[in-house]
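Reviewing the structure listed below.
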């Protein structure tokens, strides 16, 4: 019974995150040093600022990053990723946490973190892990996957001296709330580069106190298409992990775990609605300002979408609790 429950929970997680199994382990795990050196020498990303379009993340690296991000609670955490490049795809094979000081708005890497980073990569090579550092990750607890002004500056610096390099952002709070990993992979454009108009990107809820930071820098980077993969070896490791942790799915509730997050969402939504109402009220006294009205209506539409998202997540959490109550607390003894 326990094994069956574990299997169902694992399958649900894999389907939610579109996890793909690699048939041949050697196909993606084999490290071709000569090929990687040729790519580094050619530097095709210098000719095309939008060269890298895809990012593949191994299931093991994904779990390590999400568990690390979750352990930080409301504080941001930071880590490094190891991997390689295959054409227009950046492949993340592994990840490790960095000993950094985190706050609710940023992570501060000190000298000890850089020493730890260098020692880890060197020791990894000594045990046969030949992949190089391919990027860094950090968490945005509760406010979505995007790059702030500090993140953009950090990534620009990394791309200047450590190419190829990718920035990954994880939101552990929304991951628990939605039941699906909330992760984004990004690369920045060089200073002074104006990207072509790519049309509207996928909508995501941004808290009111973060909107300005998001809007100012959103044209300085682009998102890569992220997919996840696992090998037969990963499958064995995942089974061991799920056998240990699957009970947490039944014993925990997103309504209780994310109570502070949900409350914060409601407060943020009320502020957005008040702001939209005030702007619409001012617009009614200002003649000939159709652009102003359109912007106000656009903000109101976004606030409506945010309210729908919060409501759906709350309903899903409530439905989950009702189902568990029916299963375990109302057993018919007749």
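Glycine is no exception: its Cβ is also placed from the backbone N, Cα and C atoms.
Looking up the ranges 124-137, 138-151, 152-165 in Swiss-Prot, the one annotated as motif 'JAMM motif' turns out to be 138-151. By a simple count of nearby Cβ atoms, those within 10 Å, the most crowded of the binding-site residues 138, 140 is 138. Taking a C-beta cut-off of under 8 angstroms and a sequence separation of 6 or more, residue 151 (Zn(2+) binding site) has the following same-chain neighbours: 138, 167, 169. Residue 138 (Zn(2+) binding site) falls within a strand when secondary structure is assigned with DSSP.
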